[in-house]
Structure formats: C-alpha cells, structure tokens
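What follows is a single structure, written as structure tokens, with notes after it.
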Amino acid sequence: MSSEKEVQIRKNQGIQPRHVAIIMDGNGRWAKNQGKSRISGHKAGIESVRRAVSFSVNHYLDALTLYAFSRENWNRPKKEVMDLLDLFIVVIESEINSLHKNNVCLKIIGDISRFSRRLQDSIYSAEEQTKSNQGLRLNIAANYGGRWDIVHGVRKIAGQVKDGLIQPEQIEEETLSSHLCLHKIAPVDLVIRTGGEYRISNFLLWQVAYSEFWFTDTLWPDFDEYVFEGALNAFAQRERRFGGTSI
Ligand code: IPE
Ligand code: IPE
Ligand code: MG
C-alpha cells in the first residue's frame, strides 16, 4: 500500500481520485441468487460498506459518498422501506464509535425530515460526534435526489432574490453550486455503480458534470477491496480533458 505522501503525489497528478461516489446497487438480486429475502441482501451490503470505508481510509481518499436511499426508493413495498430505515438506525448507532476512532467525518445528505424522530436523532448525534474529524469525509445519501438537491438550492437563491439580497443577473454557476450538497469538498472524481445497470438513478446530477464513470456487474454485497482497486486502476488510465486537448 502507498504512503500518504505517495498518494498525495498521485492525487496531484490526477491519477488517484480525491472523491469517489458509489451507487450501491444489487442487494436484492444478490439475495435472490442465495434464495434469501431482500432485506438479508441489504444486511449483507453493510459489510461491503464497511470494506469500502476502510479501503477509502487506507487509501487516503478525501471523500466517499454512498447512495443508500433515493427519493424514489419510497416506491418499494412498505415493509422493505421500513426494514431499510430500521437497518439504517442500527448501522449508524453501531458504527459511529469506530468511524470516530478512524477520524472519519460523517454527513448525511438528503431530506431527512421525512424520517422518524429516532432516525433523525441518530443522524444528528452521529454528525455532531464526528464533525471535527479531519480524516475521510463520509457522505451517506439518504432520501437524496439530484433533482431535489437542485430545486432546494434554487429555492434558497429565489428567497435571496425576493429579499433583494442578490439580483437575478448576479446568479452564476458558483452561486448555485454553493447551495448544493457536497459544495465544500473536493469535486466528485469518480462515480462507481455496482449491479450491472448503466444509469444515474437521480444520484448526484450537477456535481458529476466532469466525473469519470465506472460500472461493474458485481452485486453490492460482493463488492470488496479488489473490485474497488479495479475501479481506481481504471481511473488512473483515464485522460481527463475537461474540454481541452490532450496534446
Ligand atoms: C441497492 O440494492 C440498495 C438500495 C437501493 C437501497 P437494490 O435493493 O436496488 O438491489 P436490486 O437492484 O433489486 O438487486
Ligand atoms: C439506486 O438504486 C439507488 C440506490 C442505490 C440507493 P435503485 O435500485 O433504486 O435504482 P433503479 O431503480 O434500478 O434505477
Ligand atoms: Mg437496484
């Protein structure tokens, strides 16, 4: 494994991502393949979350953003939604001390107002406990939607225009960026999607304007260090031109 200094050089060369975002998909199919219930697939997926977080800490990523629950996931059967949200409480409460020990700063992105009081309290207390940590910034997207994020930002700006604090012609790309989730941290360099689908499913929209994408058929519960390493190796081969030319 590389030292922090070596990783820093690789980040500056643009061959190691600072910020990776993952669409963790395939828990249900994994469970089906095993003849188990969907929720046991979600439970198995928690081990992959632990592995992905440890990997990110050990590889000195600045940020890891995980898509755990979309705004559209409310469309699932009520029992699955309830089980998922209960699992979320258990995971936050059981993992937070270990995250804190590893200097991880946890943030939940998304509209948490629709969650139970208990889940909201667990989220606030976990964020509070880890807010000063300077290591990995771990963002969990819960009741998140890329369109919601943009609408939410636009509403805040509209309020400022209404109050006369800014003029419409003063609104720049940066104005909107600064009102969206993840604005204070490194841009998303790499988006990984497991589970074999090739779509964004309303995950980060604005924030992935120049991200690299990497897809794998691996189902989320089977995602491990080797698969993650494969994604980083693929990223290292990409040439990011940002609209410019390479030679
Ligand atoms: C991803 O796995 C987890 C969530 C969306 C919460 P799925 O539950 O979507 O698994 P598949 O896609 O049905 O296999
Ligand atoms: C995307 O997975 C959402 C999360 C991983 C939380 P889905 O399984 O909900 O996506 P679709 O429905 O296949 O697009
Ligand atoms: Mg799915």
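A Cβ is built for glycine as well, from the same backbone N, Cα and C atoms used for every other residue.
Whatever TrEMBL says is automated annotation, not expert-curated.
Record features (TrEMBL):
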- Asp25, Glu212: Mg(2+) binding site (BINDING)
- Asp25: active site (ACT_SITE)
- 26-30, Arg38, His42, 70-72, Trp74, Arg76, Arg193, 199-201: substrate binding site (BINDING)
- Asn73: active site, proton acceptor (ACT_SITE)
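Sequence features annotated in TrEMBL and their locations in the structure.
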residue	record	DSSP (3 states)
Asp25	Mg(2+) binding site	coil
Trp30	substrate binding site	helix
His42	substrate binding site	helix
Arg71	substrate binding site	helix
Arg193	substrate binding site	strand
Ile200	substrate binding site	coil
Glu212	Mg(2+) binding site	strand
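A count of other CB atoms within 10 A of each Cβ picks out Trp30 as the most crowded of the binding-site residues Trp30, Trp74.
Checked against ligand 2, the binding-site residues Asp25, Gly28, His42, Trp74, Arg193 give Asp25 as the ones with a Cβ under 6 Å from it, listed in sequence order. Checking the binding-site residues Gly28, Trp74, Arg193 for a CB within less than 6 Å of any atom of ligand 1 leaves Gly28, listed in sequence order. Within the set of binding-site residues Asp25, Trp30, His42, Arg71, Ile200, Glu212, Asp25 have a CB atom less than 6 Å from some atom of ligand 3. All protein chains considered, the CB of Arg71 (substrate binding site) has 19 other CB atoms within 10 Å. Rounded to a whole number, the C-alpha distance linking Gly28 (substrate binding site) with Glu212 (Mg(2+) binding site) is 26 angstrom.
Cβ neighbours of Arg193 (substrate binding site) (same chain, under 8 Å, six or more residues apart in sequence): Ile22, Ile23, Asp25, Arg199, Phe213, Trp214, Phe215, Thr216.
Here Glu212 (Mg(2+) binding site) is positioned 24 angstrom away from Arg71 (substrate binding site), judged by their C-alpha atoms. The Cβ neighbour count for His42 (substrate binding site), using a 10 Å radius over every protein chain in view, is 23.
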